[in-house]
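Novice: Look at Swiss-Prot and you will find 1-29 tagged as region 'Disordered'. Annotation comment: Swiss-Prot describes Gly2 as N-myristoyl glycine, evidence class sequence analysis. Residues annotated as region 'G1 motif' in Swiss-Prot: 43-56. If you look up Swiss-Prot, you'll see 48-55, 186-192, 211-215, 280-283, Ala335 marked as GTP binding site, on the strength of similarity to another entry. Per Swiss-Prot, the feature Mg(2+) binding site maps to Ser55, Thr192. Taken from Swiss-Prot, the feature region 'G2 motif' covers 184-192. What Swiss-Prot records for 207-216 is region 'G3 motif', and it gives sequence analysis as the kind of evidence. Positions annotated as region 'G4 motif' by Swiss-Prot: 276-283. The region 'G5 motif' annotation in Swiss-Prot covers 333-338 and rests on sequence analysis.
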Amino acid sequence: MGAGATGLRGARLSPEERANSSKSRAIDRALSKDHTDDLNRFKILLLGTAESGKSTIFKQMRVLHLDGYAKEDALEYLSIIHSNCMEALTQLVDACTAFGINHDITVQEDVNRFEDFKRKLRDPEGLVIPVVIGRCMDRVWHSPSLQLCYDTRRFRFALLDSAKYFMDNIVRLTEDNYVPSIQDIVHCRISTTGINELAFNYKKMDFKMVDVGGQRSERRKWIHCFDNVDMILFIVSMSDYDQLDPEDNKYNRMKQSYEIFKTIVHSDLFRHASIVLFLNKYDVFVEKLKTSPLRRSFKNYEGDNSEESAREFIKKLFRRCITDRHKFFVFETTATDTGNIDLVFGSAVAHIVNENLRSAGLHE
C-alpha cells in the first residue's frame, strides 16, 4: 500500500507543473501546426523567357483553382483579344506580300479595307473591331491566298501562336455584346510586366504562384522573388528551337532558355527547391519538325528527325544541368489546353510531395 501511495504521489503534478506541462503541450501543438503549415504551403516561382507560354500557365491556374473570370474581368481582355486579331492578320497579309502571294480582286478590296481601318485607328489601347471589319477580316482569312500562306509558310515568318484560333473565331469575337470566353482569354497574348501573384488551394495545400516578366528588361526583377521558394516552374517553348531572340537576333531562343535555366538551377538560392520543367508548345514543336529539322539549329544532334528522338535530345540537354535528379521533374505541355495543364500540374505536385516525404523518411 505504501509503495502504491508513493507511486501515486510521484505521478501527481503541482499546479505549476501542470501549468508548465499544459504550456509545453500547447507549444508542441503550435510547433507541430507550424511544421504542418510549412509542409502544406508552397511558393512557386514561374520563370521563362518571353513568349514561352508562362503567362498562359498563370491564367490556367486561375481557371483551374480559383473562380476563373467574372464578366467584368473577362471584358478587360476584349481590347487585348481584338489587338491580337489585328496583329495576326497583319502578319499574314505582310507575309503574303513578302512571299509574292497575290490576292484576287475581291480579296484585295477587303485587304485594303482592313488596312484603311488600321490607319484610322486613334486609340489602339481601347481597340474594338466593328462587326463589319470583323466580317471583312474573316473573308481575308478564308481566302485562297491567305490559306496558302498559312499552310505552306507559317513557320517561316513571325506569327502569333494563336493566330489560327483567333482568325477561325473572328466573326464571334467581333459580334456586338461579345464577352470573352475562358478559352479566348487563355489564348490571348499580352506581355507580362512587373510581378504578378496568385494564391490558391489545391489538394488541401496552399500555393502562391509568382509570375514575373520574361523580357530581358524584366529579368532583373526576378531576384526580388527568390525568398523561400519551394518550387521553380520553368517554362521552355519547344517551338523556339529554330528561332532567334527578337531582342538580340544573334542568339537562338532555346539555347538562351537553356543558359538561363542553368543559371537558375545552379544558384545557391534554390538548392532546396524542386525544379519542374515544362517543355511547352509541344504541339507546335511536332508540326515544325516536319519542315524544320532539329539538326539545322543544333549541330551536335545526331538523331533522326522523329518527334521521339528530337524530344529526348532536348530533355537531355536540360537534364544535364541538374545535380539532384530526385528533385527534377519534366513534362511536355500545351499551355492553351486546360485539361493538359490540369493533368501535368497535378502530376508535378504529386511527385514533389512524395519526394519531400521520402526525404523526410516518411515514405519509402
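Just so it is clear, glycine is given a Cβ too, placed from its N, Cα and C backbone atoms.
Source: prediction; values computed, not measured.
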Novice: Report the DSSP secondary-structure composition of the region 'G5 motif' (333-338) as helix, strand and coil residue counts.
Specialist: 1 helix, 0 strand, 5 coil
Novice: Sorry to bug you, but what's the C-alpha spacing from Ser55 (Mg(2+) binding site) to Asn280 (GTP binding site), rounded to the closest Å?
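Specialist: That comes out at 12 Å between the alpha carbons.
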Novice: I want to verify one value. Collapsing DSSP to three states, which class is Ser55 (Mg(2+) binding site)?
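Specialist: Ser55 (Mg(2+) binding site) sits in a helix per DSSP.
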Novice: Which number gives the other C-beta atoms within 10 angstroms of the C-beta of Ile190 (GTP binding site), all protein chains shown included?
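Specialist: Excluding its own Cβ, the number within 10 Å is 13.
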Novice: Over the region 'G3 motif' (207-216), what is the model's mean pLDDT?
Specialist: 76
Novice: Could you give the residue numbers and ranges of same-chain residues that sit at least 6 residues beyond the region 'G2 motif' (184-192) on either side and whose C-beta is under 8 angstroms from one of its C-beta atoms?
Specialist: 50-51, 54-56, 58-60, 63, 69, 74, 77, 80-81, 84, 160-162, 165-166, 169, 173, 211-215, 218, 335-336, 338
Novice: Six or more residues out from either end of the region 'G5 motif' (333-338), which same-chain residues have a Cβ under 8 Å from its Cβ atoms?
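Specialist: Cβ under 8 Å, 6 or more out: 53, 56-57, 60, 63-64, 162, 165, 182-183, 186-187, 235, 278-283, 344.
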Novice: How many helix, strand and coil residues does the region 'G4 motif' (276-283) contain under DSSP?
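Specialist: Residue counts for the region 'G4 motif' (276-283) by secondary structure: 2 helix, 5 strand, 1 coil.
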Novice: Could you tell me which three-state DSSP class Val186 (GTP binding site) falls into?
Specialist: helix
